[in-house]
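Novice: So TrEMBL says this about it:
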TRANSMEM  219-237  transmembrane segment
TRANSMEM  270-290  transmembrane segment
TRANSMEM  310-329  transmembrane segment
TRANSMEM  335-353  transmembrane segment
TRANSMEM  365-386  transmembrane segment
TRANSMEM  406-430  transmembrane segment
TRANSMEM  442-463  transmembrane segment
TRANSMEM  483-502  transmembrane segment
TRANSMEM  594-620  transmembrane segment
TRANSMEM  626-647  transmembrane segment
Amino acid sequence: MLTGTDGAADERDSLLDANLVEAPDGKMYPAHQYGGSGTATRDRAASAVDNNSAGFLPRSSFAGISPGSGLGGNYPSPTPSHLTSRDSARIDTVIVAPADGELAPGTPLLGSSKLVANARHNEMRRSLSRASMTRSRSASMASHGSFARFRNLVNEWTANDGGEFDFSAIPPIIETKAKGDVCTLEEIESNFRSNLRRTKTTFYQDAVTFAEGTIPQSIVIAIVIGCVCGVVAYTYYSTLDFLLELIWKDMPYYLFVVAYPDLPDYSHVLWIPAVTFTMSAFCGLSIYILGEPGDLAYTIKCIHEKGYKATHHIVPMIASSMFTILAGASLGPEAPLVAICAATAGFISRRIFRQSNRNVVRKHTFMGMAGALSAFFGVPLGGSIFALEVTSRFGVEYFEHLMEAIFSGLICVVVFRSLAGLPLGAIWHITPAKLVEAQPYMILLGGSIGLLGSGIAYLWANFHWRLMDHFHTLGLMDDENRYAVPRVMCGALGIVVIGMLVPQTLFWGEFEFPVLATASPASDLPHVWPTSGLIGFEMDSCLNCVIVGTCKLLAISFTVAGGFRGGFIFPFFTAGAAFGRALCFAFPTLSPSLATLCLAAGINVAITRTALATSLILSFLSGEQYALPALIAASIVSLFATGYVPFIKSQIVRSDIDFSLFHQTTGI
């Protein structure tokens with residue numbers, strides 16, 4: 001059966017549908033169950049049918065079905081030899097699930113997990129030309145009862161996609177079944193897939209026809225999506241930058257310095273709770289009035305299930321994420337941009353270019369996501385890979401979309417950075433002198449630091465789940481967002497208390513990262529006002545660095561639990577920078593670049609599952625190319641260490657390859 005997915009009910013429904021076969025009376029009945037061989041098995045099967053157990057109908061419902069079809073007389077097929085070691089019977093039907101060997105005899109099978117999984121989203125047939133496939137309805141084909149089940153299953157696969165399959169293309173199987181010879185499920189699948197091959201065309205032909213999913217079409221749509229998402233990202237970024245400057249720099253300067261210069265300095269800190277609570281209330285109201293904006297986990301869920309994200313989430317996401325960032329909460333613009341550009345790209349694909357194939361629409365959605373992250377990070381390769389990695393828990397599973405996503409990311413970076421007047425280059429300077437070479441020991445050191453980062457992330461995740469339980473106990477976690485405002489205000493309370501005491505924890509951390517990584521004075525903080533906070537906290541010792549890192553993680557948890565909307569990539573980077581600086585206090589000979597970057601990678605990868613992208617992004621943003629081997633080691637170790645502790649629940653195994661990823665080969 002299918003494994004590795006969270007949608008167990010949906011998968012079971014799909015398998016139940018695939019296990020149906022058309023009887024002479026025109027109705028669909030369950031096609032197959034297996035049991036032991038001999039009279040005892042037939043008796044168990046007959047008893048199961050008479051009792052209408054496991055969804056089987058009474059014996060009379062199958063009157064007239066030939067014994068060779070596997071549905072007449074004694075019902076169950078012999079037990080396949082690779083399912084039990086006691087029986088040597090071979091397969092006489094197509095629908096067999098090799099992973100179900102432990103089931104008791106007589107248990108109804110719901111279809112081949114391998115076949116149905118690969119059929120679920122028609123992923124393996126994305127490049128087929130519909131015009132080249134026709135469905136055979138010949139009487140000779142229908143006369144082979146065992147193969148009829150395979151025919152019905154493939155018809156089920158192609159029905160949703162509008163394609164048709166020529167069953168006359170599989171004569172070896174028909175001939176084998178006609179002769180009464182046995183054949184394995186693997187032989188049937190191998191022959192079937194050998195007839196699913198790409199249509200041989202030229203670039204010019206595909207460009208003229210603009211065929212769905214082809215390279216010429218992908219190039220054109222990638223350019224369109226990259227340009228549109230570049231403009232969208234620039235509009236979002238410029239608006240956010242203007243409001244941050246207005247609310248956290250110009251307004252407090254005018255009120256506390258120009259208009260009321262006699263106010264004591266200690267009163268300046270009141271600006272933090274005043275702005276945070278006000279913006280938080282607006283955030284909650286925007287969610288309550290405009291509707292659910294979704295988040296990164298919801299975007300990933302939509303990618304898996306539909307291939308796109310609905311556009312009605314765009315406006316709520318823009319409003320709620322803007323207010324979140326303006327409140328100084330520990331979430332950033334990266335996830336909102338991903339959601340906005342994903343919905344925009346899906347709209348372009350489905351409404352403008354009229355694409356209907358789910359996997360092709362999914363590819364275009366990935367183009368939008370890749371463009372958003374590439375533009376925001378300024379790292380085309382790292383941002384594009386991040387978009388594909390974050391949908392799964394262990395590597396890039398939608399690998400066939402990688403090249404188009406990277407190309408779209410490049411286009412988006414060109415548009416966004418040109419409009420914003422921003423160059424591509426390092427924005428963090430951790431040490432005056434960069435690393436000039438990489439030594440082999442750095443890989444081991446990076447792996448060790450990454451393991452420490454994964455441990456910190458694990459502790460944080462457990463705390464966060466408990467905090468979410470408390471919010472649930474308070475009755476604030478409803479699906480209709482009826483309590484969006486009180487929920488956000490509860491989260492804001494934690495953000496304000498932590499931020500007033502430790503101002504280094506406010507905001508998402510993109511520009512705060514170098515301040516924490518170098519243990520610079522709080523006066524260098526770029527956004528918060530006043531920078532001294534309530535007690536003038538400074539990162540001048542190992543303990544204080546640990547306090548900053550811990551408080552930053554607490555602020556992230558209160559922000560997420562409070563229902564704010566934003567991304568936690570940079571916030572985790574910032575927490576890693578603080579803990580990395582604490583390591584440098586404890587071990588003075590340790591490179592600050594390696595310590596801060598590897599800990600940031602270890603924490604972020606444990607949560608987001610993006611080992612490759614995180615390494616590339618951190619290396620590029622810091623300008624430390626020779627830290628890349630150590631960063632990859634830290635990321636991979638963290639990925640392995642937390643492989644069974646997923647944080648983003650919608651990160652599931654790609655449904656059409658889960659059997660390939662999780663199976664055990666058995667003898668025939």
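The backbone N, Cα and C atoms fix where each Cβ goes, and this holds for glycine too.
Keep in mind that what you see is a predicted model, and the values were worked out from it rather than measured.
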Novice: Under 8 Å, at least three CB pairs between the transmembrane segment (442-463) and the transmembrane segment (594-620) (pairs 6 or more apart)?
Specialist: yes
Novice: Which one of these stretches, 219-237, 270-290, 406-430, 594-620, 626-647, has the most C-beta pairs shorter than 8 Å to the transmembrane segment (483-502)?
Specialist: 270-290
Novice: Excluding the flanking five residues on each side, which residues at least 6 beyond the ends of the transmembrane segment (310-329) place their CB within less than 8 Å of a CB in that stretch?
Specialist: 236, 239-240, 243-244, 247-248, 272, 275-276, 278-280, 282-283, 286-287, 290-294, 302, 335-336, 339-340, 343-344, 346-347, 491-492, 495, 499, 506-508, 527-528, 555, 559, 562, 564-566
Novice: Residues sitting near the transmembrane segment (365-386): Cβ under 8 Å, six or more positions beyond its termini, same chain?
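Specialist: Cβ under 8 Å, 6 or more out: 221-222, 225-226, 229-230, 233-234, 237, 299, 303, 307-309, 333-334, 337-338, 340-346, 348-349, 396, 398, 401-402, 404-406, 408-413, 415-417, 422, 424-425, 427, 610, 612-617, 620-621.
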